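Comments concern the structure below.
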Amino acid sequence: MGWEEKEFAAVFYSEPGVLGFLANVLSAFLAAVGNMIEPAEQPVVGTVITGVHLIVIGGFVQLVAGLLSFRKYDHLAATAFVTFAALWSSMGVLRILGATSFAASSATVVNATAATVINDATLPGLVSYACVAVVLSVTSATTNYVMPPVALTAAILLSFETVGLYHIWGKKVAFALEVVLVLIALYGATALLLKGVFQRWVIPGFGNAPFNVLLFGTKAGTSKSKSKEEEKKKNTKYAEPMGLGYLSNVPVAAIFAFHYLGFTESFPAATPWVGLALVSLIIASYYSFLRNDAFHCIMFGTQATFWLCQAAGLVAYSLTGEHDLRSPLLGTWAFLPTFALLVLVSLTKDKVTLVNNFVFALLSVAWFSVIPLAGAKYAVGGLCTALSVLSLYSSFANLINSVAEKPIMWVGSKFVAMTTLREGFQRFRCCRPAREISTDKDADGMCREDSADTLAFLSNAVAAWAALSGNVVHSAAVHMAWIVGAGILVQLLSALLSLKVKKTAKPAGMVYIASALMWGVWTLVRHSGYIFQNTSLGHHQDSLLVGVIVLMVINLGSMVSSCFVSKIWLVTTVLMEVVQVCLLLFTLDKLPSHLAEAFLGLLGVVCLYGAGTALLAAVLGVDVLPGRGPIWQVNTDTEEESSSGQLTIPTPSSKKTSGLRTIADLLDAGGVCGIPTDTVYALAASCKHPEAIKRIYHIKSRPAEKPICVCISHLGQLEAAQPGFSPLLWDFMRRCYPGGISCVVPKGDWLANLGLGDAVSYIGTSDSICIRVPDSTATAHLVSMTGPLGITSANPSGEPDSTHHDMVLSSLGDKIDGMLCDGPSNELVASTVVNCMKIDEVGISFFRVGCTPQERVEQLFAQAKEAVGQNAQLEASINSI
């Protein structure tokens, strides 16, 4: 039946949580051993080995678990494991630095001071990650019972690790808490491992949670509804990385805040915290890219570039003995228009995102030393503090809303609709669109290309204007830090993103790599006096001259490749060739005064324009500024058409009995089919085939914790199963069915009478099941032929509901076994799901408000309650007689 798949669904991947929990077990154990021994008695070699193990096990191994959790579509676990990977790695690096400095402290007082500096640098990291762990503890309470105590214990022990920097008793308390963390995490790993082996929960802790977010109501004043035009197609094979991105900003901003407010003196000692948190931020940008989320990809990528440049500049200043806390490099100005554009686009997002980008825009201004700002370092410190607190709340809200897949925590509604902003730009567009988007696949590819383009242009602008700031030897380290950070590292990241898109993006990747190469050679040539200490340029002139000539030849190829990318890239590569000519003249000592500066400034302006056009195109989905189109178009239509193939599954009409019989036979044989209902289209599998129901998760990439409901043809089937419901529930269900209302009721032995058999394990939760009785003749007739069906909406998880059978065939046609075609659906949204688990005690609540308004459902419940009450009074009167 074509059950083979190119990729496995997230639910069928092995549980990476086992690896993550075990990494935490070993890391906490290593940290406990270190805290058990007095600092003066700890052997240097042993401490260094412990630090290395923390980096490898707590860092790398847990990072692997986090990346696998992203693929498993586990929002919280992916965020938690990557975050703790950065934490344990940073602690490992600082233990190594602390051990070496402590060993040297016995020789000189200066080295003893160095050990104190490392303690001070450890302080902001521990404090910020303790706050992060509290956020993870609260959010994980919505998924299971094990993660909350793990994260909460981590938060408390990090607090005592902070105390232990200055008082030895803090280390002892941290030791006890680390032992507790080992035991809890070991229990979690065991529970997940047993579940993977036996395919069911053997010991408690997972499968349910202290707080069920599905029972929480939608936050008033917050709307996540999108028009069909605004809805972006997301790659739901990956978890949402927004929580990780915001959490990664917390330690970075906190460390800068501590430094600028004067709580810590040496910034270089804190670079492990910053560097590893930036890795997490880049991972968030990367997974946003994989999900076709251009906005967050660009936002997190820009923030990572900003932090990287500022951190590299501060480290370079410290190494050269400078004390200016704000950067004199013009490269800082490149961030201001980028963040300003992000603020503009954030008007179409939520208010929390808008404020976050606005604070970054203020930071980019406050950090520039040319502006005479009194108390500048305190302004920067205050903004970083505000950003750290804001990022904590942003991560908490995004994680909760991601798990619930509805706006529970307040993030604020958008100020402007995406269509309004797009139409506003299109009014002033002075050219026709450079590219026509005809399909969702084209839109996805262009979204990714434009995301990579934005970061590539931005990094070139930052590097060009940083190089423009001069070639003063005493600040050469600062210049090199900015150019290497932005012009090389971020440029290579853009190349990686571009090469992940499709074959037509390879020319862009080649251009990005050539740009990174140019900035590497520029740094080597212009700062050769700093790199080759005590030697003049003449000693290396021949080698540098050959390198520049080779670079110019490579850039000629880059110019040709840019013709396949965009007109802006062609202008950019031409300017780069001119800059390389200036580099050649500099090598020959023939460079006219300020010639290179003029072209570097122009290069920065062009790249900023390119970053702006790419950002708007990526987020708005249309080219609103000229210069985006390629000069030569690469035609891949033939290749795509030949590989797409034609669908061969049966697609009978619901208007014919033979069509219903065809789909019924497929379902009885264990197939999965698309069927119409009285609301939107659904995927269906027979309850006689549990593996078919399990396969629905595979087809939709649906998380295992999102239950499937059971569909019956009429309420008489349910009555025959004798579930033992209360009179109130029966009366309410008779008023709801058939129709666009689904009732969640308690599970019981009566499900065997209904005909679910072994499928009961794959339908509903451990204690509840959702009953659906569609008001559709075709669906009712089909279910009467097959018996109860397990159904769920016929769309990839997280995407809009399918309102026509063509939408099902387009998105899932290559994965299902048949499609019962019924034309346009009767509704645009799915059914309203009502929680009837405690209908007699507390009444009803809502898991989801769909096609049937909440007011109508509450009206039906009031009528049922009144009718049952009247019947009870009547019976009481009769009995009294």
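Positions of Cβ are set from backbone N, Cα and C atoms, glycine also.
Residues 50, 53-54, 57-58, 61-62, 64-66, 68-69, 71-72, 74, 77, 80-81, 84-85, 88, 91, 150, 157, 174-175, 178-179, 181-182, 185-186, 188-189, 192-193, 195-196, 697-698 of the same chain sit 6 or more residues outside the transmembrane segment (12-32) yet have a Cβ under 8 Å from a Cβ within it. What TrEMBL lists as transmembrane segment is 12-32 (among others).
The feature transmembrane segment is assigned by TrEMBL to 75-97 (among others). Below 8 angstroms of C-beta separation, residues 16-17, 20, 23-24, 27, 31, 34, 47-48, 50-55, 57-60, 62-63, 65-67, 69, 118, 121-122, 125, 129, 132, 136, 139-140, 142-143, 147, 151, 154, 239-241, 243-244, 247-248, 251, 269, 272-273, 276-277, 279-280, 283, 395, 399, 402-403 of the same chain, each at least six residues beyond the ends of the transmembrane segment (75-97), sit close to that stretch.
What TrEMBL records for 117-138 (among others) is transmembrane segment. Taking Cβ pairs closer than 8 Å, the transmembrane segment (117-138) reaches residues 76, 79-80, 83, 87, 90, 94, 97-98, 101, 147-152, 154-156, 158-159, 161-162, 165-166, 247, 250-251, 254-255, 257-259, 263-267, 269-270, 272-273, 388, 392, 395-396, 399 in its own chain, all 6 or more past its ends.
Residues or ranges marked as transmembrane segment by TrEMBL: 150-169 (among others).
Here TrEMBL flags 175-194 (among others) as transmembrane segment. For the transmembrane segment (175-194), the list of distant contacts is 15, 17-18, 21-22, 24-25, 28-29, 31-32, 35-36, 146-147, 149-150, 153-154, 156-157, 160, 201-206: same-chain residues at least six beyond its ends, Cβ to Cβ under 8 Å.
Beyond the transmembrane segment (297-317), the same-chain residues lying 6 or more positions past its ends with a Cβ under 8 Å from any Cβ of the stretch are 241, 245, 248-249, 252, 256, 259, 267-268, 271, 274-275, 278, 281-282, 284-286, 288-289, 323-325, 327, 329, 331-332, 335, 338-339, 342, 353, 357, 360, 363-364, 367, 451, 454-455, 458-459, 462, 466, 477-478, 480-482, 484-486, 489-490, 493, 497, 615, 618-619. Positions annotated as transmembrane segment by TrEMBL: 297-317 (among others).
The feature transmembrane segment is assigned by TrEMBL to 329-347 (among others).
Among the features that TrEMBL reports, transmembrane segment is placed at 354-374 (among others).
What TrEMBL records for 380-400 (among others) is transmembrane segment. Listed as Cβ neighbours of the transmembrane segment (380-400) (distance under 8 Å, sequence separation of 6 or more from its ends, same chain) are residues 75-76, 79, 128, 131-132, 135-136, 138-139, 142, 213, 240, 242-247, 249-250, 253-254, 256-257, 259-262, 325-326, 352-353, 355-356, 359-360, 362-363, 366-367, 408-411.
Under the heading transmembrane segment, TrEMBL lists 479-499 (among others).
According to TrEMBL, the transmembrane segment annotation covers 544-561 (among others).
Here TrEMBL flags 598-622 (among others) as transmembrane segment.
According to TrEMBL, the feature domain 'YrdC-like' maps to 657-852.
Same-chain neighbours of the transmembrane segment (329-347): 295, 298-299, 302, 305-306, 309, 313, 353-354, 356-358, 360-361, 364-365, 367-368, 414-416, 421, 458, 461-466, 468-469, 478-479, 482, 486, 604, 607-608, 611-612, 615-616, 619-620, counting only residues six or more beyond its ends whose CB sits under 8 Å from a CB of the stretch. Sequence-distant contacts of the transmembrane segment (598-622) (same chain, six or more residues past either end, CB-CB distance under 8 Å): 232, 294-295, 297-298, 330, 334, 337-338, 341-342, 345, 348, 418, 421-422, 425-426, 433, 437, 443, 446-447, 450-451, 453-454, 457-458, 460-461, 464-465, 467-468, 566, 568-569, 571-572, 575-576, 578-579, 582, 628.
For the transmembrane segment (544-561), same-chain residues at least 6 beyond its ends with a Cβ under 8 Å from one of its own Cβ atoms are 507-508, 510-511, 514-515, 517-518, 521, 524-525, 528, 537, 570, 573-574, 576-577, 580-581, 583-584, 587-588.
A mean pLDDT of 90 is what the model gives for the domain 'YrdC-like' (657-852).
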